[in-house]
Amino acid sequence: MGPAMFMAFRLWNWLLLLAVLTRSEATSYVNESSNPTAQQAPDARFAASSSDPDEGISVFELDYDYVQIPYEVTLWILLASLAKIGFHLYHRLPHLMPESCLLIIVGALVGGIIFGTHHKSPPVMDSSIYFLYLLPPIVLESGYFMPTRPFFENIGSILWWAGLGALINAFGIGLSLYFICQIKAFGLGDINLLHNLLFGSLISAVDPVAVLAVFEEARVNEQLYMMIFGEALLNDGISVVLYNILIAFTKMHKFEDIEAVDILAGCARFVIVGCGGVFFGIIFGFISAFITRFTQNISAIEPLIVFMFSYLSYLAAETLYLSGILAITACAVTMKKYVEENVSQTSYTTIKYFMKMLSSVSETLIFIFMGVSTIGKNHEWNWAFICFTLLFCQIWRAISVFTLFYVSNQFRTFPFSIKDQFIIFYSGVRGAGSFSLAFLLPLSLFPRKKLFVTATLVVTYFTVFFQGITIGPLVRYLDVRKTNKKESINEELHSRLMDHLKAGIEDVCGQWSHYQVRDKFKKFDHRYLRKILIRRNLPKSSIVSLYKKLEMKQAIEMVETGILSSVASPTPYQSERIQGIKRLSPEDVESMRDILTRSMYQVRQRTLSYNKYNLKPQTSEKQAKEILIRRQNTLRESMRKGQSLPWGKPAGTKNFRYLSFPYSNPQAARREARAAEPTDDDGTDSGFQPLMFSIHSRAGSLQERRQTQAVIPMKRLQRGEKALSFSYRSNTSWEDQAGWRRMDVLRPKPLFYAVAEEYDSGEQTEEETSAILSRWTAEHRHSTEHHKSHSPLLHRK
C-alpha cells in the first residue's frame, strides 16, 4: 500500500508540473492577444470589457495574467507539500536521508524539466522575497520553540562558539582563498580580498536542521544538542550582519579607498547592529505580552497579535539597519515566557502549529528552488576555486571547533569530550542560508557571481548529502553520550529547589555564577515584570504554578500522541456534581484567610539575605528558645486536662514521650515512686516518719507530697553518696518548680487500683522499697544525662 500511494503522489506532482508549464504557455499567448492596456492598470480587465460597446458577452475567457503570481506561488507550495507527504509515506526513507535531500532532488527534477522545455523558472527568490517573507518564519519558529533553560545555562559557551566561530571561519576561508587566487595558473586574479572575505562570510553560514533531527532521534546529551541548536540560531544572524558590512565596504571601495577609520566603524557597527536588534526584539516582546493581558474576551485575535508583533520587530530593526534576525529571535524568546500565560489554550495550539507550518513552507520552497537553480546556464566552473573552497571549509571548521572548545573546557564543570567535538565539527552542514546569500549577490559589484553560486552549491550538496546522511550512523558508531530520560514533574521541582539552594550557598561563600544571576532575575521578574505583563498575578507559590504548567503540558502531549484517546469522559452525574459545587465568594475566602492568619502559629522568618556580613548570630537561638517554651506550655495545658492521652493509650502507660522531654519520662518514674508504700517497721533512722500510701485512696495533701519527695535525697545523703540531680525539675529555677507544684495540685490523680493489681496487699517490705528507690534514681540519672545531651539550648555558645 505504501509504494502504491507513493507512486500516486508522484503522479500528482507531474500533473501539477504540467499544469504550471501549460499556464506559462497560456501566459505568452494571452500577452500577445490581449489589450496592451491590460498590463498597465490593475483594473484593466474591467476597463477593457466596457471599452467596446459593440462587443458581446463571451461565455468563456482566459485571463492568466490576473492570477499569475498567486496561482504559481500556490502551485509551488502545493508541490512542496506533496513532496513531503510522499517522502514520509515510505517509512524507511526518513531514516536513510534527511528531508532536505529529497526536496533538493525534487527541485532538480523540476529544474531539469523547465530547462529542457526552454521555459524560465518563476521568480520564487529575490532579495526582497527572501529577506522579507521566507527568512522571518524560519527564525521565528527556531526562537519561539527554543528550550530556554538549557540555552541560558550554556549561553557563555554558545556565544563563544557561535560568535567567534563564525568570525574565524569567515575570515579564515576568505584569506585562504585570497592566497589561492594570487596563483596565476588558476586564473582567479580578478577576485580581490573583499570579494573573498564576502564569500567566506556567506559560506560560513551553517544550517544544521537535518543534524538536529538526527540528534533528537538518537537522544544525544543536552550539552551537545544545545551547542548545535545555538549555532543554528545565532550563526545566521552573525553571518548576515557580516555579509551586509562587507557589501557596504565593497560599494565604498568601488569609489574610494578603505582606511583604518572605516574598519573601526565597521567593527562598531557589527556590535551595534547585534545589540540593537536584541533590544528591539525584547521591547516588542514586552509590548505584545502587555496587549495580550487584555484579550481574555477576544481570544480569536491572540495569534494575530503574536505574529504581527514578531514581524514588526523584524521590519523595525531592518528599517534602522539593525539585525532583524536577532530582533525576531529575542522577540520570540520574550513572548514565549509571558504571552503563553495570557493566551488561551486554543490560541496556544493555533500559534504553535501555524508557526511550524510557515517555517516548513519557507524551508521547503528554499530547498526546492535550490534544486531548480542547479540545472541551468548561470554557472561557472573552476576546479581550483571549488575544490579549495570545499577543503578550506573543513579545515577551518576543525580548527575553530578544537581550538575554541579547548579554551572553553578550562572553565566548564562538564567539559566536551573529543567525541562531542568531532560531532560538532561534522555537523557543519551548509544549507538554504548560504545558497540564498550567494544567489542574492549583486552582479554589478561581483562579476564572478556565477562562480560563487556554483561553489556554494557544491559545498551545500556535499555537506547535505554526504555529512547529513552519514551523521546518524556516525553518532551510533562513536557511542556519543546519551541524555537521560525526560525529567518528571518531581525532578523539575527539585531542580528549582537546588537552584535556590546553590544561589544561597554561593552568596555565603562569596562566589558568583549563573545561579546568582538567575535568582536575581527571578526576583526582579516576580516583583515588577509579571505584575505588569501577566494577566492574573495570583499570590501563589511559584512551585505550585510550575506544577500546574507542567501538568498541563504533559496532558497536552498525551492527547497529541493519542494516549488519552481511549480514556472515557466523565459521566454526566460527575459533571453535574462538579457543576453543583458551591463556589466560595471572595469575601468568604478573605475571612477564612484572616482566621487562619490569627490562629495558626507562624515561625518567625529568617533574615532575608544569606550574606555573611549582615547575618544576625542570635536569631536562631531565640527561635529555638521560643519554640521550646511554646512546646512546654502546650504540654502543661494537656496535663491540666487530665491523664487521658491524645493518642488513645491508657493513663498509666509508662513509656509515653513528649517532644520537649527526653525519651525516659521522669513523671512516669515519679508516679511509680508515689505508688510505693513503706511499712511501719521501716527501720530507718531519719528524723521523720515516712508517709504511708493507701493503694485504694487518692492523693494526699500538698504538704504530704512535699515530705515524700524530700525522703529520697535524705536517704542517699545518709549513705554517703554524692548528691546528684535526681529529677528533671532539679535543673529548673524556683519559679519553674513552683509552676510544677501548682500543676501537681491541679492535676487529677489516677486511681491506683485501676492501674496495677499487684499492690492490693497494702504492705511492702524495706527491701522492696529500697529496690523501687534505686530503680527510680537510676532512671532519673539516665534521663537527666539524655536531656543534657539533646537539649538544643545547651549546645549553643
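Note: Cβ is positioned from N, Cα and C throughout, glycine not excepted.
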If you compare the topological domain names in Swiss-Prot, are R92 and R219 on one side of the membrane? yes
Out of N342, N731, report back the residue that Swiss-Prot marks as N-linked glycosylation site. N342
Cβ under 8 Å, sequence separation of at least 6 from the ends of the topological domain 'Extracellular' (176-194): give me the contacting residues as numbers and ranges. 200, 246, 249-250, 253, 382, 384-385, 388-389, 392, 395-396, 447-448
Tally of DSSP helical, extended and coil residues in the topological domain 'Cytoplasmic' (149-154): 5 helix, 0 strand, 1 coil
Quick one: give me the count of other CB atoms within 10 A of the CB of N342 (N-linked glycosylation site). 25
